[in-house]
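Report on the following structure.
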Amino acid sequence: QALLLVRNELPEQGLRLGALSGSCHRCLYRFLAFVPPSNGSLAEPGTVAVAVDTQHPLTLLVNGSAADTELCTIQYHFGEFGSYSLVVKTLSTSTTTVSCDLVINEGPINSYLPILFAFLVYKGILAVLIVGHLCMKIGPVRNWVYKKLSPRETDRLISSELGSPNTTDSINSDPSPRLWSTAPRQRLRSLDTFRGLSLIIMVFVNYGGGKYWFFKHESWNGLTVADLVFPWFVFIMGTSISLSLSSMLRWGISKWKVLGKILWRSFLLILLGIIVVNPNYCLGPLSWDNLRIPGVLQRLGFAYLVVAALELLFTRAEPGILETSCPTLQDILPYWPQWLFILMLEITWLCVTFLLPVPGCPRGYLGPGGIGDYGNYPNCTGGAAGYIDRLLLGEKHIYQHPSSSVIYQTTMPYDPEGILGTINTIVMAFLGLQAGKIILSYKDQHKRIMSRFVIWSTVMGVISAVLTKCSKEDGFIPINKNLWSISYVTTTSCFAFFLLLLMYYLVDVKRLWSGAPFFYPGMNSILVYIGHEVFEDYFPFKWKMQDSQSHAEHLTQNLTATTLWVIISYLLYRKRIFWKI
């Protein structure tokens, strides 16, 4: 925020100050303050101090209180922690023309310096690790280190995953069964690396992201860094489903036993979300009166159940031998019933979203409510999606503080992990499943796998461009994380296919990168996610700060907490401790 001191030098009328955020689409002005008239006899102007937003450009509206007439408007992007004065006065005693002058009293700070400093610190740590790894390749240095360590510790050092993997990596260097490669049962490290990257960004964002706006969820339409990670996690979950089910069936496990595992894992994910993650036990024992039912793990569990069951129904033990009249589509055509089911799901989402009558709201409404759409639909937050959650779950059992409440001043509870959006979460997981089918169908054909990833990324990007008209607000279906709109799914899957392509090339094809440090939390994703939620308010993940308005302190605390979870996951990996459900 910034400080704005408003000085009213008009002797006869007070002022009403309103503000409109540049990110608030079709919004009403939000009232900020009333500024009293100046005291003419004492020549003292009326003054009032207000805090203004620095995240987006603001339009200030100054109205006279006498007839509520507009005196002036000013568009300005205030700087963080800057101090400004808005002086409202007449140009001269002989005229009634009003001028509004904005003066900078104290310049804003550069709030991005802590990010630069943190980047340099982590870059230095990385440089030290690389130098250490290179030194270990020098014979005398390696021998001296080995002499200082016990034989068992020497073996552990040799099989360390901190450096780049090479062709001599033994099966013991990875505790999990490997899926496929030229070596028997070799696990794709790029998948765990992708999962770990998504998880670590998610942890950092949930801890506060240094209180930077781009590490927070978008208020309504649009996309920030924080909006990418959950769909990426869903995507890679779908990819893992394809590979793991294929592996289990090749080992001769019956489909009924696999289905039992799917049902049990889905039940545990949903139960953990409701009982462990959602309640705040610091506020008292678990109470049904205000328990939030939807959540991240609940949505993951349900999406996993549907996509895994769908894949189990149609998968075979040897997907690579499926014959089709079009070899270039061998990862799609044999599974046309799955695509038909997903298409029916998407048609259901479209029909419910745009055709369901919602009391007091226009049909097909996708807006945030509140002061959006000029305040015409204040209680219509989320349209059909919000209405279904409030109707079926009850207002007290869904999220009470949606991201739209800050800019759009919404008062209705709305859950971004609600019922209707789960449909498109299933679609996202299915697109990840498609990535797994590509890996299995073109086994060991790296160029064909990567070219398929490029094609799918391009197709998803084109669909997004059509749905959104390459616009944040004016498309047919805008990108919206709260609604989990289909354009949000296609956009994030476009990035997901490209990111998976990049990691697959670097980690599994060229082996230029081991995947560290993201590989380790990717191997223990459920433990890290639940752990960071449960211990969020406890030291050393959180402590009392000297200045709660400092980006530097917030960033230090959030990066420390996130780094600790990476270290914990690495230590668990070295101890061969993995929490699987």
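Just so it is clear, glycine is given a Cβ too, placed from its N, Cα and C backbone atoms.
According to TrEMBL, the feature domain 'Heparan-alpha-glucosaminide N-acetyltransferase catalytic' maps to 187-309. Positions annotated as transmembrane segment by TrEMBL: 112-135, 194-214, 229-250, 262-281, 296-314, 335-356, 419-440, 449-467, 487-506, 518-535, 555-573.
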Local confidence of the domain 'Heparan-alpha-glucosaminide N-acetyltransferase catalytic' (187-309) - pLDDT mean: 90
For the domain 'Heparan-alpha-glucosaminide N-acetyltransferase catalytic' (187-309), residues assigned helix / strand / coil by DSSP: 92 helix, 1 strand, 30 coil
Proximity verdict for the transmembrane segment (229-250) and the transmembrane segment (296-314), three or more C-beta pairs under 8 Å: yes
Contact check, the transmembrane segment (419-440) vs the transmembrane segment (518-535), 3+ Cβ pairs under 8 Å, seq sep 6+: no
Contact call for the transmembrane segment (194-214) against the transmembrane segment (449-467), three or more Cβ pairs under 8 Å: no
Intrachain neighbours beyond the transmembrane segment (555-573), with Cβ under 8 angstroms and 6 or more residues off its ends: 114-115, 118, 161, 175, 196, 200, 203-204, 207-212, 517, 520-521, 523-524, 527-528, 531-532, 540-543, 545
Interface-richest range of 296-314, 335-356, 449-467, 487-506, 518-535 toward the transmembrane segment (262-281), CB pairs under 8 Å: 296-314
